[in-house]
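Taken verbatim from TrEMBL:
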- 14-124: domain 'Response regulatory' (DOMAIN)
- 64: 4-aspartylphosphate (MOD_RES)
């Protein structure tokens, strides 16, 4: 369940964008920067994303599930262990729901800007730790 985020201000929180399609990654990044988020990445692979998480610059994340032959579930597991909120952004919502990340929001691509921003606003204050 998403929190009411109508009064939420991002305060330059760092969003890790994990997306292998360059144009989609740039579009997502620009939409979030316009409302005050700082973008980490975008990461185009599991290895890149995990390295950025290691840098400790990530407050929350948006994960495409399918990354050029890889899946982002290892990233999701790492984020969950670190207490970093995340949401899946995918063209195949059934795949996202088939894994054990029931607390994660799932956005279906293509996503509308308002829906993307609302989702990120709703998970941003959930950082644990």
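Glycine is no exception: its Cβ is also placed from the backbone N, Cα and C atoms.
Note: TrEMBL annotation is automatic and uncurated.
Cβ neighbour count for residue 64 (4-aspartylphosphate): 25 (other Cβ atoms within 10 Å of its Cβ, all protein chains included). Here the domain 'Response regulatory' (14-124) returns a mean pLDDT of 91 for the predicted model.
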